[in-house]
Amino acid sequence: MATNTLTENTGNNLFPIFLKLHQLDILLVGAGNVGLEKLSALLKNSPEANVTVVADMVLPETRALIGQHPTVSLLERQYETHDLKDRDLVICATDNQPLHQSIRQQARGQKTIINVADTPDLCDFYLGSVVKKGDLKIAISTNGKSPTLAKRMRQYFEATLPDNIQNLLNNLHQFRNRLKGDFQHKLETLNALTENMVANEANTSTEGKQKQQKQAEKSHNA
């Protein structure tokens, strides 16, 4: 028992959470390549996220992305301390480490959570790799140790999850709404149902991919 507890405590202790970014006030400092990457990640997952970008140098691609989203605004100048006032979270994406340190101290003082690109020790949270198929969303974290592995895991799940997963989610949602009885009965029923449905979907997906592979081999040999 002690060994299991030790293993849990020395592993990844980050708490996964999905935020409604359209209800929050976000500050992004930096609009270069890293800033573009961060902004793209935010908007890909939450197209209506409320983001203020402050930067004195703005890539054309970043400017174009900002122009496509009415909930994103641009302050084309250097960061000023009042920019952080009343923000819910801030992301630093420049190459100015002293600035990042300063913003980190300010954020801590006003209880604003912060992410600093490529500096895990200054981060309160990380932007993980995300798998998204319809309403299904899976976030992957390596505790900041290997974003490359997280990316590979994302690619793996994207390739293996069935394309019709949304149909499964819709069916489960409708079935859950029709269920009668107490919470425990509903839980047991849904657990049994999802176990069978997921197994069937996995088998169907595997069989389909095996057929595609055989057809590809036949075409190659021909």
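Yeah, the Cβs are placed from backbone N, Cα and C, and that goes for glycine too.
Automated prediction, rather than curation, is the source of TrEMBL annotations.
Annotated in TrEMBL:
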DOMAIN    134-156  domain 'Siroheme synthase central'
REGION    202-222  region 'Disordered'
COMPBIAS  208-222  compositional bias 'Basic and acidic residues'
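Confidence over the domain 'Siroheme synthase central' (134-156), given as mean pLDDT on the 0 to 100 scale, stands at 91. For the domain 'Siroheme synthase central' (134-156), the number of residues in each DSSP class (helix H, G, I; strand E, B; coil) is 10 helix, 5 strand, 8 coil.
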